[in-house]
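First comes the structure, then the notes that go with it.
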């Protein structure tokens with residue numbers, strides 16, 4: 001009897017990549033009956049799904065590939081593939097530098113992966129396809145297969161904002177939205193498998209625009225309204241959004257649709273209008289704060305998290321202090337902050353940068369300390385409250401406890417029976433720790 005082939009997938013970066021990796025697995029399971037393995041040494045196929053947002057992304061990929069080279073020498077039939085945004089950037093140069101790589105594919109061509117693997121096996125020639133065939137990939141993917149009550153659902157690809165620091169438009173292409181009815185179909189398929197919470201994904205997810213079957217123009221607000229009508233779907237999230245796409249209709253969803261969670265990740269990047277202009281964000285601090293005010297009017301308990309870039313070229317101490325002020329004024333929940341690192345080929349990479357690495361690190365530490373204090377204060381304010389929690393798994397810290405997620409995206413650990421996994425329960429919060437909560441079933 002032939003044993004099923006095994007696949008090892010290493011995923012870097014964002015939730016879009018996590019979604020794409022799950023769809024790669026769906027395809028190869030459908031095509032070849034593959035099973036996953038956590039051990040690359042026993043794999044028949046090794047895939048790296050890469051991210052190019054952070055510094056030295058390419059070198060990290062080649063470092064991992066170098067570890068797999070001896071496995072290829074030992075087993076010439078092993079298939080090694082590189083996908084994702086680094087694949088889009090590097091293309092043929094990946095094979096030139098690492099000739100043992102068999103397939104290179106971009107985010108928009110992952111649906112061709114089974115055919116590319118078959119072509120490599122048949123011809124012995126490495127296959128490279130990093131084209132941008134819009135949403136063709138969604139037409140060729142099998143129905144999703146999920147385990148657990150929470151799932152990702154990709155609704156659009158790419159970004160057309162062209163912020164000066166960002167490589168995404170060059171690696172994932174311009175914005176392309178999936179057909180409205182296709183998204184509803186996938187959501188229903190997920191619900192039929194027991195999914196209760198969906199997270200809608202896109203690089204600029206609230207820029208979603210498509211048409212319904214009757215020709216009505218649909219945006220993210222309308223999509224959320226329709227998804228909320230699926231009885232089994234009890235909770236809806238979306239990420240990542242752009243402030244300029246927070247339309248009145250979308251903000252109004254927070255007042256009308258309880259299934260839409262009381263948490264929003266809304267990247268601001270900086271608190272200085274001058275820096276925002278140089279980043280080509282196309283909004284001001286005042287406009288951003290106005291959006292937050294409207295969101296809190298619609299949903300008073302909403303938690304707002306964000307992204308911040310520290311040390312952008314030309315950032316002065318005054319600019320940075322403006323970012324600190326914005327952090328305090330908005331009261332951001334736990335957020336992501338990074339020192340600026342130039343992405344090759346982006347406009348910002350050509351800007352003069354006279355801020356020392358030491359000063360950038362100092363600014364980052366100050367910003368993160370403030371944000372940490374604010375996040376902890378929000379957690380502390382939840383002690384004594386009763387939260388609706390979707391139980392996801394056994395706790396990573398204690399085998400006799402469960403772990404779940406609140407509406408506002410907090411992890412809660414509490415004693416409970418494993419039979420409750422994938423269910424919603426009410427939990428009284430008893431303690432706020434550094435980045436998690438403790439509680440008890442009500």
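Every residue gets a Cβ built from N, Cα and C, even glycine.
Straight from Swiss-Prot, the features:
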- 14, 51, 85: [4Fe-4S] cluster 1 binding site (BINDING)
- 159, 163, 166: [4Fe-4S] cluster 2 binding site (BINDING)
- 5-122: domain 'MTTase N-terminal' (DOMAIN)
- 145-377: domain 'Radical SAM core' (DOMAIN)
- 380-442: domain 'TRAM' (DOMAIN)
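Between the alpha carbons (Cα) of residue 159 ([4Fe-4S] cluster 2 binding site) and residue 85 ([4Fe-4S] cluster 1 binding site) lies a span of roughly 13 Å. Each residue in 12, 13, 16, 17, 50, 52, 53, 57, 84, 168, 171 lies on the same chain as 14, 51, 85 and has a C-beta within 8 Å of the C-beta centroid of that [4Fe-4S] cluster 1 site, without being one of the site residues. Residue density at residue 166 ([4Fe-4S] cluster 2 binding site): 21 other Cβ atoms are found within 10 A of its Cβ, drawing on all protein chains shown. Cβ contacts within 10 Å of residue 51 ([4Fe-4S] cluster 1 binding site), excluding its own Cβ and spanning all protein chains shown: 19. Within 10 Å of the C-beta of residue 85 ([4Fe-4S] cluster 1 binding site) there are 26 other C-beta atoms, taking all protein chains into account. The sparsest Cβ neighbourhood within 10 Å, among the listed binding-site residues (14, 159, 163), is found at 14.
Regional average pLDDT for the domain 'MTTase N-terminal' (5-122) in the model is 90.
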